[in-house]
Every structure is written in C-alpha cells, then in structure tokens.
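Undergrad: Sharing a structure, written as structure tokens. Questions coming.
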C-alpha cells in the first residue's frame, strides 16, 4: 500500500476567487488573519477555474458542478453545455432519438409538448440557445401545441435579467412556430435542492393545476408585476399565464410530453421526482399526469427515464484511485455542497468507493443565507477536527459553501461575514493538522465573493466569476513552490503528495515544485 500522510486534506472554499481590485471585493474587505498568514508563509499559485480550462466555452464563468468534476477527474472534463452546443452546431441535436420520440408521442396523442427549465444565458444549469433549438425542432416537426414553463434565474446572471430575456424569448417564439410561455417561476421555487418541499410544491402546482397566487395575461407582465412586489428573478412567485377568459394557457396533462432542458442534475432532481416517482412523499400531489418525461442530462441514476445526453463515464477519478490503493477517505460538507464533494467529485457517479466515508452537515433552514453567513461552517469544523484527530483517514475532502452561497445573495456585508467565518474555521483546521503533521491544499472551485458589485452597473453582482482561484500548500518544507495551473491539476498534485502514480487517464499535471 502507498505510504500516506495522515491526513492529506483538500479544502475547497467554494466561491473564493482571486481579484486584486478592492471595490466590491468581500474577500479583500474581510478580516482574514489565518488565510493571510498562509499566503505569506506557504507556497501558493493561481488556478484557472473557468472557460476552456474546465471544459466550458471560452470566457464562460466556472461553477461548482464543473469545478468539482474537473478537480476529481484530474483532466479537463467537457461539460454538458459544451457537448450540447456541439450537437446543435453539427445537427445531431435535431436527430436526437429521445427528442424525436417525445415529439412522436405528442403527434400520436394529439397532445402538447412542454419545455420546462431555466431561461438563462448563465450556462450553469441551462443555456437559452438549447431552448431555442428545441423550439426550432418542434416547428420543424410540425407541432402546434408547444408550451414553455420558464424558470427565472437572477443568480448566475444579474438579478433583474429575466424581463429582457422573456421579451427576447417571446420574439423568438413568434419567428419560429409560435410556442407560448404558460408559466413563470423563480428558481428559488422550481429548482430547490435542499428538500424544501413547500417551494417545489408551488412550482409543481402551477405546472400541473395552473394554481398560483398570481396570474398574468403574459409573461412580461408577470415579471414586471413581480418586480413591483419587490421580487427579483430568483424569487418570482410561481405565476400562471392566462388567456382572454382568464384560464391557464396550458397545464401539463395526461399524454403530454415534457422535456426538462436543464443539463445540470442537482437542481433538477426534486421537481423531476415530483413528476415521475411512484413513491414520492415530498408533498401531496393533487394531480399526477401520465406523461412522457425527458431529461436533458441524467438527473438521477436510480430513475429509468429517457435522457437526451447520457452521462459519459470517467474512469480512474481521484476517489477511485485512492480506493484501489486501500486508502481511507472522508468527504464532508453541508447540504448545499454535499453533492459536489460526493457525486460530482466522483465523476458524476452516485456510487461510494470502498474506504470512502461521507459526512453531511445540514444547511440552516432559512430563506436566504445572508441571514446566517456562517451557515454550518462551525459545525463542519467541529466535526472535521474530530475526524482529523481520530487518525482514521488518509485523505479528507472538505467544502465550505459560505462564500458562494452568501455571494449569490448580492449582500456585500453578509459576504464579508461569510469570508471571516471561513477564515476562523481554516485557522482551527490548520492547527489540528499541524499537531499531527498533516498536509493540505486549500483552494476553490470558482470565484464569487471577490466580486459582489457589477463594475458596469454598480448593482449587486450575484453570479459566479471567471476569475482564477488560489491554491495554497500547507505542510512541511519539502514543497518549495507551486506552478500555475488548472483545477484538473489538483488530483495529480494530491496523488504526488501521497506517493501514488498518476493514472494515464489523468492528463492534469502536478503543481508541486520541490527543488
């Protein structure tokens, strides 16, 4: 068995981007004595965490899913966004048998096609050109009853982007076959991932029953009125669009086909479960239509659903390599990022490797995380210090969600507090490692909190950034420096630190400079 330092830690500070401009920079504005000391006393480098470096289109901001996939894979992983874009360009998208089957069922049943998902150019969960391609495909195949159920972003893009996006979408629909927007819902409701079923139910009910607190004659009015209520895009209450008789334009009914065009799994699962699971118990479904439900990508490997772009298996990811060497590993995070240190870090696979323990700390049950910027970081730290001291683990992977999740709120003061809370936790963890000769790489998956104000508009900036991220080596003096690199270089670096040869599938390179 390879000789392991006990333990070697990978600490991922979600949303901890690197930016030298101080204005709107919660990272630089915060008091961070522990991180400052580490930067001063230990080797560090910058890593690319966006665009082509993580398998996304050039210039596109990074995100947590893609970041953790690249970290765990040790190679650039070409993301669903890129794969789908290529299929549209080469025409394969319009021949996709899963889409064609959904359309053929609509024709056979004289029913409706419903396109549900996030209307956003953010490229994190969805991408508007993919919706455009589906609308074009429906027109090409002669469908007359095509309805869009628009989830609004305001998180991966500025908080009041939806009105302009909806206007453009309506114009596109008029030019390409007349698809109609039937409902709008903020992603806070339609894309919850923390089992806050009361939110998911509101989205489900507007889709299946046309039942909602608000209604509007068109989607633009729905968004405008939501702004008037003080709601930004993410928080727009589910709203049904009605016809001249004030009846819903469309609801999802028996024999309809539904295409969920989000390509990222974590925030698509709950609503999908509500539609398709026989044993669903999140809430009482007043109506459960019998439909043909298509997922753009694989949302849940336990569900036998048609998937337009199936998962591409990654072999010899970090967790698998460690397990093959007989090493013990721990993955620890709070709810908001638990999937990232497990599912995504393991190459998009649900399976747990032999020797892999997992620790989930519940995220606080509050409306928005600016109300509790520390989130569950202190509880995570209590637990991980105990696990470090146990001597059980060779490798520990930890994620602190604070800088990303609080950064998404756009509340600068809260983001500063989030950074400071994480810094306190880093101080405790480093001390625990020092006592037993442990080693750590401290890094991030993408930026966020370093840019809380939009430099062009002066408005709050709630999205991720395309800035690089730091990687700090904490340990003994054998590592003299770190080379600039990409997120995919982290796994090879960890393997070198622990004395394991890099598998041929890992094309990333070690960051270590030892001479």
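Each residue, glycine too, has its Cβ placed from N, Cα and C.
Sharing the feature lines straight out of Swiss-Prot:
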- 64: active site, phosphoserine intermediate (ACT_SITE)
- 14, 64, 445, 446: Mn(2+) 2 binding site (BINDING)
- 125, 155, 156, 187, 193, 264, 265, 266, 267, 337: substrate binding site (BINDING)
- 404, 408, 464: Mn(2+) 1 binding site (BINDING)
Undergrad: Based on Cα distances to residue 408 (Mn(2+) 1 binding site), point out the closest of the binding-site residues 14, 125, 193, 267.
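TA: Spatially nearest to residue 408 (Mn(2+) 1 binding site) by Cα position is 14.
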Undergrad: Where the distance is taken from Cα to Cα, which of the recorded positions 14, 64, 464 turns out closest to residue 267 (substrate binding site)?
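TA: Closest candidate to residue 267 (substrate binding site), judged by Cα separation, is 64.
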Undergrad: List the other residues in this chain whose Cβ sits within 8 Å of the Cβ centroid of the Mn(2+) 1 site residues 404, 408, 464, in sequence order.
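TA: Close Cβ neighbours, site residues excluded: 14, 15, 63, 64, 155, 156, 403, 405, 407, 446, 448, 449, 462, 463.
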Undergrad: Greatest CA-CA distance (Å) over the residues 125, 155, 156, 187, 193, 264, 265, 266, 267, 337 that the record ties to substrate?
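TA: Greatest Cα separation within the listed binding residues comes to 17 Å.
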Undergrad: Other than its own, how many Cβ atoms are within 10 Å of the Cβ belonging to residue 446 (Mn(2+) 2 binding site)?
TA: 28
Undergrad: Please report the Cα separation of residue 446 (Mn(2+) 2 binding site) and residue 464 (Mn(2+) 1 binding site) in Å, rounded to an integer.
TA: 7
Undergrad: Considering only the recorded positions 64, 156, 193, which fall within 10 Å of residue 14 (Mn(2+) 2 binding site) when distances are taken between Cα atoms?
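TA: Correct set: 64.
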Undergrad: State the three-class DSSP label for residue 265 (substrate binding site), counting H, G and I as helix, E and B as strand, and everything else as coil.
TA: coil
Undergrad: Taking the binding-site residues one at a time (125, 404, 408, 445), which has its Cβ surrounded by the most other Cβ atoms within 10 Å?
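TA: Of the binding-site residues 125, 404, 408, 445, the highest Cβ count within 10 Å belongs to 445.
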